[in-house]
């Protein structure tokens, strides 16, 4: 029992951390052709995420792997039910990964322009698709004794789309602030400007999302049963407000930190509302996938808990070390002189 | 075609494509790390240039290895949901551990290696590439333990309508998985060795940078020869393990139809699955197959006829893949040995014929590795988990034919395009040769008469 709850919490943490870390990389990609005007500026953008994007993406693989190991039934059904959406996600992640590596490898304007477009599209699509997928999970998937009754078009319902838009805007602001911290001069100012401009739109969509969630999902049931949980969405709101306040003061690093809190807490808000479901059924609660009916055996969960307890802190420790090494802003001069940079 | 056939096709295509990049990554990370270590210890800048040059090729290749790896994880849930549900309790664990223990390591430190030339000390920088190499190799360990479990399921019971893990230690010490890991890892080292030797040979034939490429060649030849010996040794133990645990695969590999003792190996042999016999059997080495199978000359080998037809793997592809793999392995071992000897003598750059052979040999270990996977995976059919779950019962129920057709077409297009770009970039940078500009790496004060 407790192990299943432990793994539910870990499952939520893995997704939340993934969104926080890859969120700003996706945001950077979404803004790739918006913020940067010249080739040099584009290279600054790519090099700003260069040292960390790969390690950040692994949180997704770990979230996927943890779902597989801890809740295999959910893993199996979620991945096969959302087949086409995941396929598009997969293609985007493939293209984004090689785009970073390949863009600078040939000195040709057409070559670079192609990869620039690829970076933007393959960053926008995952942000949208993750939102759509999670919106639909919050609302529940149409499944009963006869299996799944949904389709890709069915996923594009208003609530799913609204969540998709929320994710895109969230990551855009998140990425813009990261870039503002990681670059200097006019580029940094331009990035901050974008964050400030998108923020009000994000606020409106976030409020709409919170309101619509009341009607489209049962997420609030948990909150009403345990009002103390309201602290999670409140922290999300506090992060969102803090983002704007810090940015207004010109404290972009603090604004980015607030944005990290927002992303973490938005994910946590959804996860806390789902409990004990991993995927609720929108047709009949009896067919919801819960942590109790879809989990691994206690033995496997015990082994996995031991592995997580030992290795996750180690991973976090060396990741912090790496972020410290690369904490300085990236400048155009530095990128142009470094034969190794992207 | 149905979802099952299409999903099998897709799995074969995406896995084999993934395994074009992985073996080189396994070996080239170790070679690059060794080169950089030599630089840190000796201060000889040629080693630095070597690490940079081969490291750049490593990176181009690494990118595709990583992104095609994501497909592998997703695919189990997408196309093989019933399999994932049935064995997730035991199969999911190594995958999750791989991500946590190995994948983080390589992905985080590859960033330090690429971007850290001026940000960390020389020694730390070399440690970063070692951590990448260790992460990559550990990745292979966990994946092959997972695959080893599909080949020889251990440490589980069938309970609650699925396979549940009862003995984690048995899973991580599964001899099938361990031996498969050693065999796969060392064959990856051979891929890297022949890659470095082949490209070095190309430059030496053109008399480019002789010192640089002779040194690279020599290092790779030694590495490749040691790896080749280990490939053979592990291959031998692997065959024993297969004969013990997967008699149908072993019989198909050797095309043995009748159960008998003291089976000999025919150097010339044509299987005839239609008539359940061999059409041609010539040049027999007595008792050789029995020796291979159980290390005893008169051991009994179970023939394919002892198994119902529907439980036999396809004989022709299993048999021919195995033969060709062993043949290529033998040739490459000799080629690597010749490489060790000739690169230690003077005038490697003048041995034109040998260099041409080594250039042409570049793709051979790739082919051998793919053939090895055909033996392993096709030879396991019709089982997805040997003796426990049939491949046909592992496929997703919720997935439709158009979805898999769409994804297969998508994968084929994207993978072909990326494969072509990758080869183009590898060729471009391989041809360009090493970069003499170390300004991005060594701060002016420390440059010594370059």
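Just so you know, glycine gets a Cβ as well, placed from its N, Cα and C.
Caution: TrEMBL annotation is automatic and unverified by curators.
For reference, TrEMBL has these:
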- A:12-36: transmembrane segment (TRANSMEM)
- A:81-102: transmembrane segment (TRANSMEM)
- A:114-139: transmembrane segment (TRANSMEM)
- A:159-179: transmembrane segment (TRANSMEM)
- A:199-217: transmembrane segment (TRANSMEM)
- A:223-241: transmembrane segment (TRANSMEM)
- A:253-279: transmembrane segment (TRANSMEM)
- A:299-318: transmembrane segment (TRANSMEM)
Task: Between the transmembrane segment (A:223-241) and the stretches A:114-139, A:253-279, A:299-318, work out which stretch tops the count of Cβ pairs under 8 Å.
output: A:253-279
Message: Cβ under 8 Å, sequence separation of at least 6 from the ends of the transmembrane segment (A:253-279): give me the contacting residues as numbers and ranges.
response: 5, 8, 11-12, 15-17, 19-20, 23-24, 67, 71, 74, 77-78, 134, 137-138, 140-141, 143, 166, 170-171, 173-174, 177-178, 180-181, 195, 206, 213, 217-223, 229, 232-233, 235-236, 238-240, 242-247, 288-292, 294
Query: Sequence-remote contacts (6 or more beyond its ends) of the transmembrane segment (A:114-139), Cβ cut-off under 8 Å?
result: 19, 23, 25-30, 32-33, 42, 46, 78, 82, 85-86, 88-89, 91-93, 95-96, 99-100, 102-103, 150, 155-157, 159-168, 171-172, 213, 216-217, 219, 270, 273-274, 278-280, 282
